[in-house]
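Novice: Quick one: structure below, then a few questions.
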Amino acid sequence: MQFTKGHGAANDFVILADPDGQLALTPSLVASLCDRHRGIGADGVLRVVRTAKHPEAVGRAADAEWFMDYWNADGSIAEMCGNGVRVFARYLAVSGLAEGASFPILTRAGLVRATIDGDTIAVDMPAPRLGAAGAATIVPLTFPGTAVDVGNPHLVSVLPDGVDLDSLDLTRSPGFDPALFPAGVNVEFVTPLPPLDGFDLHVRMRVYERGSGETLACGSGALAVAAVALHDAALDAGTVAVELLGGRLAATRTDAGWTLAGPAVLVATGEIDVSALSTID
Ligand SMILES: N[C@@H](CCC[C@H](N)C(=O)O)C(=O)O
């Protein structure tokens, strides 16, 4: 099986070109591909499939030629991946599957438009919707947070003064209320940073992703964090610089909507022997 490897701010993906939707992708195959010791290793898989050829997307071919079929590292499917869609856009551009510097991509969370500007790829994202108050528990502490829907679910917790972001143990999922997040949730912890030229707000975050564990960056998470930061600062527009373990993402709100921007790069192509993978089914 041919693959491409890419990442956005070190949130990394195996990209599988499957234009006609013929690949029998299963949760265990995805998990095996993403295994960092026995497979290629990645936070998720991006299957590149024609909108007209994917059962979840068929009928939307007039909106976009390509559908991002996103899978988490554990083989679960998610609605949106902000870094994934930026890397997906890079793949379409480099492989010649999309022309020009700006083109639409269909995701499970709806249609987005990617715009390429050198090393940076920006995507207009679904508007984050702030929801109920929640809480994230890292025993023995419980941190208050806010539910945010970016097409996929997030719980954003701004850490109280005195709690060191680096001290949090994110080797396992923080606890959360399953009644509030019946389909699971991505959990972001945030601390403010000093002002940064060119940005309205500046924050640092770590994330525990549903289905992938702690990752070095999460684009939809950065957007969720920016939505909470702008709300808390009583700003209805602005750009938030979000520092993650893997680099910086910029999340912008204007009257026209929300944009996520940052690096997206392809680093390798190769071939994997699927029969050698330790798949379960
Ligand atoms: N890393 C992604 C988010 C991927 C999906 C997420 N783990 C979920 O299950 O919702 C991003 O950059 O947004």
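Residue numbers in this text run from 1 along the chain shown.
From the backbone N, Cα and C atoms, a Cβ is placed for every residue, glycine too.
Worth saying up front: this structure is predicted, and the values here are computed from it rather than measured.
Residues or ranges marked as active site, proton donor in TrEMBL: C81. Summarising the annotation, TrEMBL assigns active site to C81. Annotation comment: TrEMBL describes C218 as active site, proton acceptor. What TrEMBL records for N11, N72, G82, N83, N152, N186, E209, R210, G219, S220 is substrate binding site.
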Novice: Can you tell which of the active-site residues (C81, C218) has the fewest other C-beta atoms within 10 angstroms of its C-beta?
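Specialist: It is C81 that, of the active-site residues C81, C218, has the fewest other Cβ atoms within 10 Å.
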Novice: Which three-state DSSP class does G219 (substrate binding site) fall into?
Specialist: helix
Novice: State which of the following binding-site residues has the fewest other Cβ atoms within 10 Å around its Cβ: N11, N152.
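Specialist: Each of the binding-site residues N11, N152 was scored; lowest Cβ tally within 10 Å is N152.
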Novice: Excluding N11, N72, G82, N83, N152, N186, E209, R210, G219, S220, please set out which residues of the same chain place their CB within 8 Å of the center of the CB atoms of the substrate site, keeping sequence order.
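Specialist: Once N11, N72, G82, N83, N152, N186, E209, R210, G219, S220 are set aside, the remaining close residues are G44, A78, M80, C81, G84, V207, S212, T215, C218, G221.
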Novice: Taking the Cβ of E209 (substrate binding site) as the centre, how many other Cβ atoms fall within a 10 Å radius?
Specialist: 29
Novice: What is the separation, in Å, between the Cα atoms of C81 (active site, proton donor) and N152 (substrate binding site)?
Specialist: 8
Novice: Could you tally the C-beta atoms, other than its own, that fall within 10 angstroms of the C-beta of G82 (substrate binding site)?
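Specialist: Cβ-Cβ neighbours of G82 (substrate binding site) within 10 Å number 30.
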Novice: Should N152 (substrate binding site) be counted as helix, strand, or coil on the basis of DSSP?
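Specialist: DSSP assigns N152 (substrate binding site) to coil.
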